[in-house]
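K.L.:
Dumping the structure here so I can ask a few things about it.
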Amino acid sequence: MKRVINSCIAVLLGVAVMSAVIVLCSENPSVSLAAFFLKPFSTRGYIRALFHKAGLFVCMALGASCALKTGMINLGGDGQIYAAGFVTALLLREYWGVGFLLQWSVALLCALSVAGILACVSGILKAWLATSEMITSFLLSTACVPLIDALIITVTRDPAGNLLATAPVHSHFILQQQTSLFGVPAVLTYASLVALAVGCFFSYTRVGYQFRICGKAPEFGRFVGFPVWATYVWGMVLSGALFGLTGFFSVVGLFGTCYVGFSVGMGYAALAHALIAHAHITVLVPLAFFFAWMETASEAAVLGAHLTVNVVLFLQAAIFLLISAQWSAPWNAVRRGARRVYRFLVTVFCFRGEKHRTRRRHALSVHDTHHRRSRWE
């Protein structure tokens, strides 16, 4: 319950901060607020883009949540998504003549492998040298981004004249026009199935149980004989592979190409998403629609209402600042104070005679028993 309260307060305050920024930075606040809150649902194209972004947010949040469940924090999401998208664009820009499904599967496997290897380096350094995975993953991501930028601009630039993107993906590999059950975009459907598989892995498999135990209590994991070092490595590999899946779906689903800097901010958005959900897989999918709505609404406000500030950044900042606050602490202090006042009143008014003393002891024992029971429940 405390986690739910903290998450709800962080989200509400983040939305309030974004609304305040829109009012302060816009020349016409009413038009900007209307564009922010209503325009994402105004047309079918906006709704379709919202569903596509929700699928990407599910994959991103799964990557961040898998790292959190194993006791790690993967800050290299931007670089891992970027590398996977770049590899996908290179492998799918032309048809090889071996079957579309086979080529699509090879590109997917390569994208997952590249991102998983980048994350695996941080896991190995954590397991063998006890280095911080946050620092190593962030540094590797920071090193990969300018390297891929240079490759896109020089070697793999679109020969048709686009200076900031690779050649577009072959039309047969694009998921943008593909739909699945009830008209839901294919990206969101595939991402939901992946979320279901990851949730079953952590909840109903022996290896997933070991991952969760070693992530929460590594000393206990070592005591019972679990390979904690393997948890670090494979947890980061799984996190990187899911970030790579995000890059793959970004190229074949939403963008159709790999352009310079398309993954900027995705890693931190995924971390904010996972922190709000407290790494609960079942919460990630519905929460993805909220984050997709926020990003779509911010773009609509910037384009339609001439807003010069990307307010999604303020949402992420508010979440990072507020998610760690213990908002239930004041309520617990009030409960403790009320309990002390109750004990004082019982002591004052039940002091005369053996009958009153017995009644006082009984009242205090019943109150303490109820408090202990409610505390454990």
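Just so it is clear, glycine is given a Cβ too, placed from its N, Cα and C backbone atoms.
Heads up, here are the entries from Swiss-Prot:
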TRANSMEM  4-24  transmembrane segment
TRANSMEM  49-69  transmembrane segment
TRANSMEM  72-92  transmembrane segment
TRANSMEM  98-118  transmembrane segment
TRANSMEM  135-155  transmembrane segment
TRANSMEM  182-202  transmembrane segment
TRANSMEM  223-245  transmembrane segment
TRANSMEM  249-268  transmembrane segment
TRANSMEM  274-294  transmembrane segment
TRANSMEM  303-323  transmembrane segment
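How about a rundown of where these features are and what they're close to?
P.N.:
Within its own chain, the transmembrane segment (49-69) has Cβ neighbours under 8 Å at 40, 77, 80-81, 133, 176, 184-185, 187-192, 194-195, 198, 202, 211-212, 215, 235-236, 238-243, 245-246, 249-250, 253-254, 266-267, 269-271, 273-275, 277, 279-281, 284-285, 287-289, 291-293, 295-296, counting only residues six or more beyond its boundaries.
Sequence-distant contacts of the transmembrane segment (72-92) (same chain, at least 6 residues past either end, Cβ-Cβ under 8 Å): 60, 63-64, 103-104, 106-108, 110-112, 114-115, 118-119, 122-123, 126, 133-134, 137-138, 140-145, 148, 151-152, 156, 166-167, 169-170, 173, 215, 232, 235-236, 239-240, 243-248, 250-252, 255, 257-258, 262-268, 270-271.
Tertiary neighbourhood of the transmembrane segment (135-155): same-chain residues 73-80, 82-83, 86, 118-119, 121-122, 125-126, 163-166, 236, 258-261, 263, 267, selected by CB-CB distance under 8 Å and a gap of 6+ residues from either end.
Among residues of the same chain six or more beyond the transmembrane segment (182-202), those with a C-beta under 8 A of the stretch's C-beta atoms are 48, 51-52, 54-56, 58-59, 62, 66, 69, 175, 208-209, 211-212, 242, 245, 249, 253-254, 281-282, 284-285.
For the transmembrane segment (223-245), the residues of the chain that approach it from at least six positions outside its boundaries are 59-60, 62-64, 66-67, 69-72, 74, 76-77, 80-81, 83-84, 108, 111-120, 122-124, 126-128, 133, 137, 194, 198, 210-211, 213-215, 267, 270, judged by C-beta separation under 8 angstroms.
Sequence-distant neighbours of the transmembrane segment (249-268) (same chain, 6+ residues past either end, Cβ-Cβ under 8 Å): 49, 52-53, 55-56, 59-60, 64, 74-82, 85-86, 88-89, 92, 104, 141, 145, 149, 152-153, 158, 162, 164-169, 173-176, 185-187, 190-191, 243, 313, 316.
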K.L.:
Is the transmembrane segment (98-118) packed against any residues at least 6 beyond its ends, judged by a Cβ distance under 8 Å, and which are they?
P.N.:
76, 79-81, 83-85, 87-88, 91-92, 137, 140-141, 144, 172-173, 237-238, 240-241, 243-245, 247-248, 252
